[in-house]
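Student: Before anything else, here's the structure in question.
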Amino acid sequence: MKKQCVAMLLAGGKGSRLSGLTKNMAKPAVSFGGKYRIIDFTLSNCSNSGIDTVGILTQYQPLELNSYIGIGSAWDLDRYNGGVTVLPPYAESSEVKWYKGTASSIYENLNYLNQYDPEYVLILSGDHIYKMDYGKMLDYHIEKKADVTISVIEVGWEEASRFGIMKANPDGTITHFDEKPKFPKSNLASMGIYIFNWPLLKQYLEMDDQNPYSSHDFGKDIIPLLLEEKKKLSAYPFKGYWKDVGTVQSLWEANMDLLKEDSELKLFERKWKIYSVNPNQPPQFISSDAQVQDSLVNEGCVVYGNVSHSVLFQGVTVGKHTTVTSSVIMPDVTIGEHVVIENAIVPNGMVLPDGAVIRSEKDIEEVLLVSEEFVEKELI
């Protein structure tokens with residue numbers, strides 16, 4: 001049962017900034033890119049990187065996510081020895097142990113890690129869009145003889161205060177770390193991807209659990225303490241597309257990025273496929289009167305109107321004389337006739353009646369997350 005590396009995937013986030021999209025599901029279960037869920041990218045990275053043992057830590061609204069993951073067969077992670085294991089909070093004698101932070105969620109599942117006695121633990125977040133070979137990061141970690149390796153990316157200075165920010169020497173050794181600083185001194189951001197030497201991780205998680213002043217978070221507590229105690233932390237520089245889709249705006253932007261001819265995120269690469277659960281829908285139907293351009297249209301869609309620069313998930317119907325522009329239409333949405341949709345995200349299963357106009361009244365560039373209340377208001 002011993003494994004060289006076990007991945008722990010944090011997938012319990014509420015995603016409150018995504019508003020109505022996460023009302024009934026955790027953020028990693030939100031649809032993305034015409035046929036995927038956000039978590040597909042991290043799970044596919046694991047599969048493509050040869051990581052065959054993944055613990056998925058869930059908490060907020062887990063039903064949709066649990067049903068989607070199943071036994072992990074979509075990502076070739078339905079293994080007898082290892083594979084995918086969903087790890088929800090659990091009751092221990094007198095109380096339920098809810099996860100209090102990112103570090104707490106790993107600590108509460110030390111028994112899961114103990115059974116594999118790995119050399120390394122890879123800690124991942126299930127709510128980012130990117131392609132990455134974790135095997136190369138592990139090789140880097142071993143080469144640097146690091147205690148901890150953090151994957152890092154340069155972000156815009158205007159965004160830096162949203163991330164864990166660090167400074168590193170030319171050889172990659174991390175010298176300074178601030179979690180979401182108000183006035184960042186660097187734009188080198190943590191991607192929330194860590195490789196720990198297992199004995200060290202276990203030791204510091206046990207120490208952290210005994211600290212009544214800790215918030216039990218990797219960025220706020222564990223990483224600063226490791227630096228303070230002179231452990232060797234290395235920064236692994238990531239080059240490529242990476243998007244934190246934690247807001248309605250950023251989720252829309254990431255979907256629109258897929259439609260660029262020179263997009264950094266290439267879904268059609270054979271060498272690094274992104275796997276998902278097949279929706280088992282019939283082929284899409286595009287009528288002779290329809291016009292579709294620069295768009296992703298998934299299985300089961302029926303299009304009679306005009307669709308431009310948009311992403312349509314499975315089971316979407318677009319009525320006659322309807323125009324959909326620069327929008328993301330989630331699964332099983334029905335759009336009536338003579339409807340106008342611009343710069344919007346339409347959530348799962350919504351029905352838009354004939355004549356509805358869906359666009360922002362304030363700003364032509366603002367992305368609108370459509371709600372039932374908005375549709376009712378438009379029809380008054």
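Cβ from N, Cα, C; glycine included.
On a predicted model such as this, the values are computed, not experimentally measured, just so you know.
When I checked Swiss-Prot for this same protein, it listed these features:
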type	residues	note
BINDING	Tyr99, Gly164, Glu179, Lys180, Ser190	alpha-D-glucose 1-phosphate binding site
Student: Three states by DSSP: which one describes Lys180 (alpha-D-glucose 1-phosphate binding site)?
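Tutor: Where Lys180 (alpha-D-glucose 1-phosphate binding site) sits, the three-state DSSP reduction gives coil.
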Student: Going along the chain, which residues six or more apart from Glu179 (alpha-D-glucose 1-phosphate binding site) have their CB under 8 A from its CB?
Tutor: Gly164, Asp217, Gly219, Lys220, Ile223, Pro224
Student: Counting across all protein chains present, how many other Cβ atoms fall within 10 Å of the Cβ of Lys180 (alpha-D-glucose 1-phosphate binding site)?
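Tutor: Around Lys180 (alpha-D-glucose 1-phosphate binding site), other Cβ atoms within 10 Å: 13.
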Student: Between all pairs in Tyr99, Gly164, Glu179, Lys180, Ser190 (listed as alpha-D-glucose 1-phosphate binders), what's the biggest Cα distance, rounded to the nearest Å?
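Tutor: Farthest-apart Cα atoms in Tyr99, Gly164, Glu179, Lys180, Ser190 are separated by 22 Å.
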